[in-house]
């Protein structure tokens, strides 16, 4: 049964760009002047330049010794119609050393009307005539999707997944507990969340996923969302050719073998040369390269070394029939001069789309990193491999890469890696350099002759590769500074008009109109300035943006799951975040997520941190809406923490440990162990350490399966009592109309 999606009727404001097409047809009587023609016959080509647009400089091929060349070459420019756009046309003569300018003229594009197409002659040096054919049209089909709604692919996935989940829940819960599942509308949306925490999070999440897979809970989940270390496990699992036919158990054995090696083995001269040459190809194509690219390669070589060409788009085959939960990954967009706790835009990644819900702006995964202007691709690159994204999602570790490898002795005494990571701010990792400019707008007119250009490029490549090799194998500034370590990509929102950002819950803003406790919002969880600037927009004039590890703001990927469009009923979160000790309260990240949700007017159950004082440390805690009749959209949260409690006594739920060996293997601390085998920055896990952490989280999850099942049963009943959940109602339509009127009546900047 289909229903109306109210979010698809909310208009995300954007201006259309113009596409200006130039066909360089021909020229006659090309001359270098009387004296010049006596010495040499021209080798002409044409260069086109529009300073107001990215990818602004284009050129034709050149013809040797031809004074009447016929090029018939077509070029396209994407223009902002609100700017003054001038086409600069330069006739060039190709030479071996340096090309010569034969003449330059300009054409005001504003003199053309939309829909007009005409041929225009241009005269150079009173003799040469060049004919260009030009046309101007509106780009009515941008490459970005502007919408508050989920994409059609995700909607189709959800429908298919619900059909599967309906049968899976009946099997999991039995006839009595699943009698409320009459149709797919009764199926609750269950999401699984994994936190950051380096390899500790990855290994712990591997045990969790094994338990969820074997217990049948995974078959009942619609989403699985990860951050930093958890995304590495998700990437490993979903990119594996045998998943889901082969379960996590076999894949986890491969993972244990892969992480048992010293990461320094990845830095052999032969491997480094291969990494750097690959990065050179990326850099020379016009894409930014940072240390995060290198870190992504190292993570990829460790975890998915036999599938380094895998892309995010290719993971669609794992979910195209709803056979697996949809994986969601995340990073942050940050500003160079603002703490990420104050300002950060959450970027979400799925096999279907990448984008920022805050701006209602999304793109196909293969376009991430391409050069955009006003929502249209002006230069497309190959899709970034999955390992590059893995480096971005966990880029906090590239920031302190010297600590990861243990190659620097410069760290301050008494400083733990966790403490050092907590002190990182955006200004430490984002270089405010001048490389934001485009090469084509900076370079002089003309280029060297092709042979000279190749020679120059080869020399430049050799020099760049040599510098990178020296930086990686020596104790250089690259290891000892943090600036420039953040991931960097072309700004896909360049040139858009952002008069305002959009609320994460647009319909809720106007239908609920509930009063928020200002004292609650002002209370600091980790920092007095946390989330102070989260309503501010991205800089649409910056040609590149910095993307970093989401754990630098808070370490749980709740923003992906709390989007009201996803209508999640039950969230099962697993927090592997570092704590001062095993006995420390485990709610810091969850409290930050709660505050973020309230500031964005998103429903979130009240997190009572004093439950720790009353009940002590437990394997999991359940948080429900206090007034379910009023908080109809509020999810239930089952929050698992990293704690070794019952695992010390039981080798399986209800099965006591008996032998000394069984007791000894389970007698360990996570954060109080002085040798820190589970440190956030430990990137080598011996088999015993892997098995301990993996088996601990496997046990903790299975030990609380009944808690999860009971929550699913309650969610089914909750759905049955609230059939209008996430579907349209009269109040929603009115809210949508009010929303459009409120936000679209504002004057443009």
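A Cβ is built for glycine as well, from the same backbone N, Cα and C atoms used for every other residue.
The structure displayed is predicted, hence computed values, not measured ones.
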Students should find that the region 'Disordered' stretch in Swiss-Prot, chosen from 393-425, 426-458, 459-491, is 426-458
Taken over the domain 'PLA2c' (140-740), the predicted model's pLDDT averages 83
For residue 43 (Ca(2+) 1 binding site), the closest of the recorded positions by C-alpha position, picking from 268, 541, 606, is 541
Of the binding-site residues listed (41, 65), the greatest number of other CB atoms within 10 A surrounds the CB of 41
Cα-Cα, residue 606 (SUMO2 cross-link) versus residue 549 (active site, proton acceptor), nearest Å, comes out at 27
Taking only the CA atoms, the spacing between residue 268 (phosphothreonine) and residue 549 (active site, proton acceptor), expressed in whole angstrom, is 27
When each of the recorded positions 40, 43, 549 is scored by other CB atoms within 10 A, the minimum falls on 40
With neighbours defined as other CB atoms within 10 A, the best-packed of the recorded sites 541, 606 is 606
